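Below is one structure; the comments refer to it alone.
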């Protein structure tokens, strides 16, 4: 019996090496089932529609809110204000409004549905090769964690490349791991709940076009609704004008509050584009001169126009994840349920094989990993826990707060906190932020019909993570930008606990 | 066609002894470039010059794909004006170059790497992270 088990283990070992790595057990099974597409077993926390053509984040509720707000406001405008304005002023108004509206919708859908630039996870061979290289460099074996950073000199600036424990790769510069979507994204800007997707290399220009055109649309509607009311009140008095067109009041209210936030956001992103920075970098002050005299942005082309052109009109790279390709039967696939847990040693091939001994080892690792995951979860995004790294960017939302006007000014924290804050300090920060967060919520609730605004601010209570001590970046603020600091999604915490329980059950059953 | 068939045959019959991964070179920023350092595992199999030539050509091709030239600007502006619907019928410049790269890798495999028991994998299949070179066992060559 025991021999039989070890023999099957050996079989598993061999099949790992050969290119045709399907075990005798698996091949007949695979032949019977139809070929699956890659999106169906995508390891990240994304939702796919239309057979993999559309890709969104898991939480899409706020995106539907955005859509409803835009559609309702524009619908009211075209139905109630445009007829009057077209007759009294010019029919060009609904035409321009219509064009703007279509552009806004187009760019919104393009931002929400496209792949932001997700980096596919390392294949088991790659991961093993990296770990081997790291072990050689370290001279260590066993459970000592591999070094988390690699330094590279880019255009004269030293940049640290961090190792992503979830994706098992050294992240390229400017890439970041989004803990909401559980993916590494190239040129990660931020995760935008209003758009229901991450904003990264491949959809940043669509996002920018969206907020820019939305600013124009908001200002357009606001201006012409006011004009409409004024013209009407000339004819029949102010109050009767309002009574005659009640929808206009609603539109004015919505547009008034949107204008401040959206225009502010557009301005902020215009600044980011012209200096070739991402929201992530700006919040952390990565290239700020405050860090040092010689600190400059190595990615900037030096010229504002070149930076703008590069961001908006540069070549659009294709998606790296090949959602609609078929899964090759000889490449083992990572089981989606093991998201974010596959850290120390548990490789893809181990999961795809059904060897009993493997499962036992797997379960033990699960339990160990689950026990240590509160620390490790941050590692997957910001691998520095014990060392107060200067990149940790503990709660630097101040900058973004500054650029958003209106209701957001109360949340301004002035200077970004100096990057050398220690973990103990950061423990206090979330609690300090809570009263402010409460204030932001009252703001949010008093203006219930807030247009897509403060991407950075108004979190619904469900989105506020329970700060696990280490989390500096503030529940209220850079929840999404500072993915580096590990936004702790309560949902992921639950799944981790679930997995650890599963691991324990497996252990007991063996 | 016959050549690719023999490549596939080789994959099926021979076992992969090892895999070498050529990592990305980030010294020029986020542009896609691969390290030209010659890995020690390939010393017995292929000429250093040959290898460096391959990697350098690939680097040049990727640089061409990501080049900020007038062509990419025109394409970008046109796309913006047509609300990006133009990409439904047209292929982006990047995709065209990727096809060129795939053809180049195929050709390199056929002419240079397969006869030496090596196989290059197109980096796009590895998310542009690495160039994977599979080293096949020697016994397949003695047939």
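All positions are counted from 1 along the displayed chain.
Cβ coordinates come from backbone N, Cα and C, glycine included.
Whatever TrEMBL says is automated annotation, not expert-curated.
What TrEMBL lists as region 'Disordered' is A:1-38.
What TrEMBL lists as compositional bias 'Polar residues' is A:15-25.
Per TrEMBL, the feature transmembrane segment maps to A:62-80 (among others).
According to TrEMBL, the feature transmembrane segment maps to A:92-109 (among others).
Here the domain 'Palmitoyltransferase DHHC' (A:160-284) is broken down by DSSP into helix, strand and coil counts: 75 helix, 19 strand, 31 coil. Residues or ranges marked as domain 'Palmitoyltransferase DHHC' in TrEMBL: A:160-284.
Sequence-distant contacts of the transmembrane segment (A:206-230), counting only residues of its own chain at least 6 positions beyond either end whose CB sits under 8 Å from a CB of the stretch, comprise 70, 73-74, 77, 81, 84-85, 89, 93, 96-97, 100-101, 103-104, 107-108, 110-111, 114, 189, 192, 195, 199, 238, 241-242, 245, 248, 251-252, 255-256, 258-259, 262-263, 265-266, 269, 273, 311-312, 451-452. What TrEMBL records for A:206-230 (among others) is transmembrane segment.
Taken from TrEMBL, the feature transmembrane segment applies to A:250-274 (among others).
Long-range contacts of the transmembrane segment (A:92-109) within the same chain: residues 66-67, 70, 74, 77-78, 82, 85-86, 195, 206-207, 209-210, 213-214, 216-217, 220-221, 224, each at least 6 residues beyond the stretch ends and with a Cβ under 8 Å from a Cβ of the stretch.
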